[in-house]
């Protein structure tokens, strides 16, 4: 039986998406449970709120700023290997926290070791998910991204129970063990066979027919006293076989057959009385290959081959205007989103709502976020919108919803706006790895790592914005107007995407990539 061939949008593809969902559930679930650990740190060590916040701030900083290192490792060693190493490192970091004597050791282990492990385990996984899909790219990516929403709903419940029954140190041990479940999920996430590393070495024993069929040459051994094979031109015969196989594939659905009686173009055989069938050759008379099966394998396009030279990858990214467009767009998106997690409840209380009622807006946002991640991938999958158009529409809508928050005071209107904001957030998050694969196909690992670095650096300005507008001016409204307005402007820049692509082509940065339409 022939070897099973990996194909896009297959059952294996959906298994990879589910594995990505599990990884995101574990990594993001612990992040969303930070408030519970935060309180336990204060109670256990008698730490101040500033000290108790240090492990989580350090974790976020290391996670984002470690992106370029993680991307370079993924570009060199492959995303799956980096994800596996990240799963081990993030788990060990939490396990060692169970033996930490003070808050500073927890900051080093949870913030440093665990944070860098999270960066390794979660940054590159979504790139692999997009590689396994052609027709259902956004839907599969949305399924993988939904893991963070599921994790934020489920894991805090388990951590709360672990803190109640086993205390802080027991919670660290059990959570570290739980995160080890990243490993079997990461083992499923190998790169597909059509994603090749760039290499200059060619294998002489492989002949490719229209990038679809590969014929492997097997060494032959035979015994013949009367027949000389010294002058056999194997290369010429192989080319004839390839053309014969290609011509017959249109009329024969399952098998391409090479008749052994075909004459050999060699003067040594002109006067020979031996029929080639009588030669003692250790091979069958027919060479069969399944054209129907291999025809579904996508050709290994030059743009999809992954650059293994870190220097060349860095040069490609730094000279590509689309990298800067994607980075600025996603950074603005993060600067809009990050304040929502921090100040949404306080902002609603400033409008006169009670704290208990204001908490429902967090739930509304989370439900909308999950719905957006799972429900809008078909728009680009069915090519009702191009990636560029969809991203532009989502980013402008994201900023517009943010701008509407200070305008209204009615509970139900605000609830609709926040829910819609969550839906747009979820639909936009799905596009992150798709943007990288569309515009930076040969340097995906390094690109998404560098984008995470730029995004993390941008988020560092959020506390200053919050402090200035709320503490100095006395209202969040100014911050919302500034950040929301910038989001609308940056989203509008996607209309110039064709010009950026022409600029990239003029700079001779790789081949021009046509966006998914």
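Using N, Cα and C of the backbone, Cβ positions are placed for all residues, glycine too.
Just so it is clear, the model here is predicted, and its values are computed rather than measured.
Record features, source TrEMBL:
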type: DOMAIN; residues: 13-503; note: domain 'Major facilitator superfamily (MFS) profile'
type: TRANSMEM; residues: 14-41; note: transmembrane segment
type: TRANSMEM; residues: 82-108; note: transmembrane segment
type: TRANSMEM; residues: 114-134; note: transmembrane segment
type: TRANSMEM; residues: 165-188; note: transmembrane segment
type: TRANSMEM; residues: 322-345; note: transmembrane segment
type: TRANSMEM; residues: 357-376; note: transmembrane segment
type: TRANSMEM; residues: 388-405; note: transmembrane segment
type: TRANSMEM; residues: 411-434; note: transmembrane segment
type: TRANSMEM; residues: 446-466; note: transmembrane segment
type: TRANSMEM; residues: 478-496; note: transmembrane segment
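Highest Cβ contact count with the transmembrane segment (478-496) among the listed stretches 14-41, 82-108, 322-345, 446-466 falls to 322-345 (criterion: pairs under 8 Å). With a cut-off of 8 Å on Cβ pairs spaced 6 or more residues apart, the transmembrane segment (357-376) and the transmembrane segment (411-434) reach 3 or more such pairs and are scored as touching.
Of the Cβ pairs linking the transmembrane segment (322-345) with the transmembrane segment (82-108) and spaced 6 or more residues apart, fewer than 3 are under 8 Å, so the two regions do not touch. Contact check: the transmembrane segment (446-466) against the transmembrane segment (114-134) gives at least three Cβ pairs closer than 8 Å, residues 6 or more apart, which meets the contact criterion. Taking every recorded stretch in 82-108, 114-134, 165-188, 411-434 and counting its Cβ pairs under 8 Å to the transmembrane segment (14-41), the highest total belongs to 165-188. The domain 'Major facilitator superfamily (MFS) profile' (13-503) scores a mean pLDDT of 79 in the predicted structure. Long-range Cβ contacts of the transmembrane segment (82-108) within its own chain (Cβ-Cβ under 8 Å, at least 6 residues beyond either end) map to 23, 27, 41, 45, 47, 51-52, 54-55, 58, 70, 73-74, 114-122, 124-125, 128, 169-170, 172-173, 175-177, 179-180, 182-183, 186-187, 189, 445.
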